Structure formats: C-alpha cells, structure tokens
Amino acid sequence: MTTPVVISAENLMKRDIFRYPDPFAVLTVDGEQTHTTISIKRTLSPYWNQAFTVKATPQSVLAIQIFDERKFKYKEQAQGFLGVINLQINRYLDFELGGEAMTTLDLKASNVKLMVSGRLTLGIQCNAPYLPPRHPLALRGADGSSPPPLAAANSPQVAWGQGNVDGSRRAARPSLSAGDRGTAAVDERLMEIARQRHLNRALPEDQPLGRTPSTAAAVEPTPTSLVTSGGDLGSLPNGWEQRFTPEGRPYYVDHNTRGTTWNDPRLQPGEGGSTPATAGGAGGRGRTLSSQRGDTGGFSATPAQGSLGPLPTGWEMRVTNAGHVFFVDHNTKTTTWDDPRLPSSLDQNVPQYKRDFRRKLIYFRSQQDMRPAAGQCHIKVRRDHIFEDAYAEIMRHRPSELRKRLYIKFDGEDGLDYGGLSREFFFLLSHDMFNPSYCLFEYSAHDTYTLQINPYSSVNPDHLNYFKFIGRTLGLAIFHRRFLDAFFVSSFYKLMLRKRITLADMESVDAEFHRSLTWMLEHDITGILDMTFSVEEERFGEMVELDLKPGGRALPVTEENKHEYVELITNWKIRARIEAQLEAFLEGFYQVIPKDLIVVFDERELELLIGGIAELDLDDWKKHTDYRGYTENDQVVQWFWKCVQQWDAETRTRLIQFTTGTSRIPVNGFKDLQGSDGPRRFTIEKSGEVTQLPKSHTCFNRIDLPPYPDYETLKKKLTLAVEETVGFGQE
C-alpha cells in the first residue's frame, strides 16, 4: 500500500478581491481512487497534513487538484479551480526499497483557462519498515514562520524525518513533462469526478436546495484494523491489533486481555503486552481507574498526560475485578469496552462532519440545562386550529415548565403521546407558523423554499409576541429532540448564533442584489454610479428613504468609501431592518435553550439540529430496517421496497411521516431513529387482514403490513394509507 500525504500549499491565486479562498485538495490515483482533504478557511497558504492509503503501482499517476470550496459547485467558475499537479510515483520513490520522500511542485493550470500560482508540498510513503517515532518536520512558510496548527484534530498526520527535509532521500528526480501530466480530457474527467464526490459528501445544504456550502469535509478515515506484517518485526502476536488515533499515532489492542498500549509488542515483548495496572481492592461493579503506568504505555492517570485528551463530558473510565478497562457513559447509562476517544470501526464510513456533529451533540445534550425536569408539560390543541392553540398553550407556560416531559393531546383524538404525537405536533405547527400568508416569514428572493423574517411583519400589531412564541417553539423542538419542517436562509442561522454578517450571506437572501454589490466592488464606480449612504424602500405603497449612517443621504458613495457602503447596506438588508423581530425571536429561544450552549454549533450544524436531513437514502433505510413475522427475503417485503423505490421523493417522505410522525430523520440516518423508549429502528410487522390498510405506530416507528396476495394490491393499499390517513387512535 502507498500513503500519499497532502501537506500544504502556499501563495495560491486570490481570484476574489474582497475575500480569500477556502482551499481543499482532491487526490486522485489513476483517475479512479479519489480522496478529499478538509477545507481551510480564508487563506492562500493552507496546511492540511492529511494522509490517505491508496493502492498504487510504480506506474501510477497521482493527481492533486486544489479548489475553492465556496465556488466548487459552480461550473461557470471552473469549480473554484486553483491549480493541479500530476506526478508519476516511481519518479520520486523506489517501490522495491520502500521508504518515504517529500517534494514541492509548482501548481499548473491544466486545461482550465485560468491563471494559477503557488506550490504544493506533498509526501509519499511506500511499505516503509517500522520506524521509531520522530519529531514532525517543522515546515516553514515563505516568510519563515511556522505553519498554523492542524485544522482537524482527527485528520491523519504523518511525521517526516529530518533527513527528508529537502526531498533528497533518493536521487533528485527530473521535472515532469507535459505528456506526464495527462491530457486535457483526463483532467476534465478528474475534475468532474472530484466535484461529484465532494458534493456527495457535503451537508444537505450543499445539495440542490439552494443552501450554503459546508465547511466540514469528509476525510477518508484511517483503517482501524491494520495488522502489521512487513519489515523485520514480523506479524503481531496472536490476538493483537494495531490501530491509529485521530492524530495518526499508532497504538495496540490486546484482545486477549482487552487492554491497550502505545508500545509495539514486537519490540518490547516483556512490556508491550501488559495491561494497565488496576487500583487496589475488589468489590462493587467496578473501580475508577486511578493508578496507571507512566509514559511507557497503557492509559494515563490524568487525561491531560495522554495525547488522547480527556474523556467526553459524562464519561468515566473504570476497571473490572479482572483488570479489564471499560467505560461508563452516564449520559445514556450504558457501558462499553471501547474508548470513546478512539476511532470506532462503526465510524469508518461516516463522513467527518457527522463525527464532529455527533461529538458536539453528545456534549450539548449532556449539559444540566438540557436535561428534562421532573414532571409533565401538557399541551392540548385542535388539529384545525393548531397555530392559535399552540400560541395560547406555549405562551401561558413558564420556561421551566416547557422543559418538562412534553405531552401532546389532539382534541377529539384518543392517541396517547409516547413520542409520535409530539413529532406530528411540531411537523404540523411548523407548516402553519412559517406560512408566508401570516406575514411573519417570507420566502427568500433566491427561491420559494428557504425562509427569512418578513421585515414588514408589523402589519400584525402583535407580531413581536408571535416571534417570541416562534423562538420558544424552536427552542422547545431542539430541547425535546424533535424536528421542524422548515429551512431558513443561511444568514438566519448565523443571526441565531450572533455571528457577523458578510456580503457572502447576501447570496442566499437576494442573489441579484448580491451580484450588483459584487460588481460594484470589482469595478471602478467613479462617474458611473450616483448613490448616497441611504436606501429607499416601499412600505405599504409609500416610498421611504432611510439613512445607513447619520447624514447618509447627503454623503455620496465614492470609489474610496464604497466598501463601507457595501458593509452597511448588507447589514441593513439582512439584519438592521428586522432587528426588533430578531430580538423578540431570540428572547423566546433563549428562554428554553441557553445562549452559551447553542453556540457550540456552527450555522450548518444548527440547521441540521432544527430540521434534520430532508433527503432519504433508500439503501440506508433498507439496511436499518427490522422485521417482525417477515424476513428480508419474503415476497411481501420485496414488493414493499419495490413500491417505495418507484415512488417519488415526496411520497417516500409521506411514508416516513406516516410511520414515524415526522418527515425528517436524524443527522446520522435511519440507524439513529428514536422511539418512545429509546432507539427504535424502522420496523415492518406482519399484522392485519389482506382487506385492511396498513397501520402505523408512530411511537415505535413501526408499520403493520398485512400479507397481501399480489403487488398491485399492496401498492394500492399502501399508497392509500400513506396519502389519505390522518389522525391518531388508541388500541
């Protein structure tokens, strides 16, 4: 196996006058194997230091392209292309001898007619024998300064020996010819493959829904099981396994004793296999780990002493009477043999942003203020008057009461709320309170899908109380782990987090206005534009002129002060004219969700927290489905999935809502579906007569599917149940 390491780039081309790019690199081997680094924000000299394991031959061609993440989905802007290098691996490394090498190459323009600049530094490792740990190479920038710290703590790193600083471990290789860099057609294909791969791993807002690109890239994970057998060291002893920390440091797992150590058991057979010392005396269900070995192996006595860092909030390390280390998660009242700080094999195919989001979510929900108080909070509403009734019910409760176990009751229905009714409640309420006909929210100028606060909501004299109610409702949904069926412009999530608004946020609010301001910044406006530091807007048929700064209507916009004008007009367009509504909304929101806790998320993660993932992955759905009375291979089950596969996205969403009570699924997919009593996977149960329609149990994510005699009957009955059924009953 070969391990190329994308280390850093410097002096990249700055294509936008007023912002720096968010560079990330796409590594491709022979046009087939593709890996992507994280993106580094706002820099011309990114530092990644990410390693990827690939299958390569001496003749393999390695292509590394650099893109600007913000422009990656725009073909007309060449996906933000910043340069490419192509190299044949055997020109820099001898496969027979193995080892490692590092080189710095100038970026090329490929077939894209854009100027590029800068250089890319990369390293290559190939079947290297075991080497003792060495100090990482201290790379220096053009100005002699040290590189910034690694952007992602759990991205694989490689420590390079001092002997390879100049890449001269082997004889210097000649520069690559034009032919070696491949044809224009190959480069175009690689670019398209890279583009599709990057878009596929992005957050939902990156997909064709008009939302903001994600900043968290999906890093190709390091395999958790690497049993070393090369070199003079031979194979690991029986029952041993080599793994890597998120920082790339190898450690060893002894499955015989369920212990771990930093030491290679092949180098120190007397010590490498020893398990951490246990605290004295037996008894109880386990003891807190208090006495450990020093820096020679095992776990550290104090979390700060090990490079793994402290345990997550609410976790505790203990030792059994037999000396086996295990971990207690007090948040979920469960135990596990696996160290939560180490990469899990279950996470190997999970994108990086999901792992980051999961860690933040564990921390967020483990805090004292996010734990339900004792008692119940009863809310009774009429289905056909849900907005008015919910407003009256939620506003009459004190914030402390809203943190109690939520119990929803629909008037005239017998259903008991074990989770399904509350999900239905938030789903229906979100459709009403975000309806633009109420004049509280409006669709953005960009589309008819994303919402923003209506600056003219004052047509309703009680609008500020309604925004306070909506803030409470949003906080209530997050607190009780429910989703809302609504998505907002990206700037709205930034406003919730009190982040600074920039011109880039204007694009999701009003794309045409954004283009005008961008043109203004990119061109000399002297003698072209006649404007002042004021703005005109129509308020209910009347034109009103407002100053963007004191005396603004008398102050002309010039080439010298146009940047200030753009900043002020952007702030007015997005924030200033809805300041009163926003403050009322946040007042209600912070009454349920503490301000200092919600800021752990960024705007993309906050969107996931509120709305979940709208798209449904059919393969993930099938994979995490349980069966009762049926098996996966039964004909009725096969017909069920055939029917679902033939449905459009909207009907599939209706099926999810019919079965679970909501059209949204958790950020980690169907495997994290929750029922009234904890995790509950989507379940198909054999139940009912063939003359009956399928029934659902939303509290348990279960659908009762009778054994229909043919496909057409199943399709007809299932479609009727999904599209026409409304209301809850009690059995």
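Note: Cβ is positioned from N, Cα and C throughout, glycine not excepted.
Given the ranges 141-183, 657-699, the record in TrEMBL names 141-183 as region 'Disordered'.
Its own atom aside, the Cβ of CYS699 (active site, glycyl thioester intermediate) has 22 Cβ atoms within 10 angstroms in the protein chains shown. With DSSP classes pooled into helix, strand and coil, the tally for the domain 'C2' (1-105) is 12 helix, 49 strand, 44 coil.
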